[in-house]
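Here it is, the structure in full.
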Amino acid sequence: MFNDIPVFDYEDIQLIPNKCIITSRSQADTSVTLGKYQFKLPVIPANMQTIIDETIAEQLAKEGYFYIMHRFDEDSRKPFIKRMHEQGLIASISVGVKACEYEFVTSLKEDAPEFITIDIAHGHANSVIDMIKHIKTELPETFVIAGNVGTPEAVRELENAGADATKVGIGPGKVCITKVKTGFGTGGWQLAALRWCAKAARKPIIADGGIRTHGDIAKSIRFGASMVMIGSLFAGHIESPGKTVEVDGETFKEYYGSASEYQKGEHKNVEGKKILLPTKGHLSDTLTEMQQDLQSSISYAGGKDLDSLRHVDYVIVKNSIWNGDSI
């Protein structure tokens, strides 16, 4: 069955323009609804320690962007929820599937977050299904995102368990080496995997990993994503939590994977690596540029909002769109 589907990735695809119907690109609406809430952009900074911290989460929430706080400072999550709610902001946190997480979820009944993401590398697992059911029993009003997965069967099974959205992508990220360490994943065919999974989905899909350019956001939406999680494009900012390093007079920021030894604190079951990215200005500037580029994408799609991107034609060009050039 699988061998019948076309296999391609972001660099293999070009979207085909339609007649523009807006007089200014600024008229294009990039907003998206997830659950009961509307957000400015269909993008989510990856819930990784070198991408997001509580300060950035607060900034994003205040400015109308969606965020997911990482799960690697377990004791701070409950105070974080309280602090966000005291400011009238949404609380969006991550959990794992260890036994202690069940107690933690139950403890949130009096002050439930609006969003919980179940965040493990291989999300098509009984442990994830059990956690979905537990959250939905204890916190029925909380929107549950579950992942990560890479097949339609996984999407359907997590949806049937009660997940409100699923996160698609196993190993395509810049600092993820799952595909090399295990031989498994969606690296090299992430966009095709997204398309495959989205065709089976009844609820929102979040594309996670493999985004290298702003145009890849539009391509993700074309192939079925409601939201797009991005790591490397959000790493390396002045505000980024990653450690600042100076090399030959230039400043860089550390960026490492959630399954790396740098996050784990030990060299065990490592599926991530660390890289240095040149410091690239403020996060707000990147978000503004993303919005402007997405507005341009909507204008090329011949529409007024994100939905227009879902219906454009495309061609598969097999790695030739750069013509040998790099960005």
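Cβ coordinates are placed from backbone N, Cα and C, and glycine is handled just like the others.
Taken from Swiss-Prot, the feature active site, thioimidate intermediate applies to CYS176, supported by sequence analysis. The NADP(+) binding site annotation in Swiss-Prot covers 205-228.
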SER220, SER226: which of these binding-site residues has the highest Cβ count within 10 Å of its own Cβ?
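Selected residue: SER220.
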Cα distance, CYS176 (active site, thioimidate intermediate) to ASP208 (NADP(+) binding site), nearest Å?
12
Looking only at Cβ atoms, how many others are within 10 Å of the one on the residue listed as 'active site, thioimidate intermediate'?
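The Cβ of the residue listed as 'active site, thioimidate intermediate' has 27 Cβ neighbours within 10 Å.
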PHE223 (NADP(+) binding site) has how many other Cβ neighbours within 10 Å of its own Cβ?
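The Cβ of PHE223 (NADP(+) binding site) has 25 Cβ neighbours within 10 Å.
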Could you round the CA separation between SER220 (NADP(+) binding site) and CYS176 (active site, thioimidate intermediate) to a whole angstrom and send it over?
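Distance (Cα to Cα, whole Å): 19 Å.
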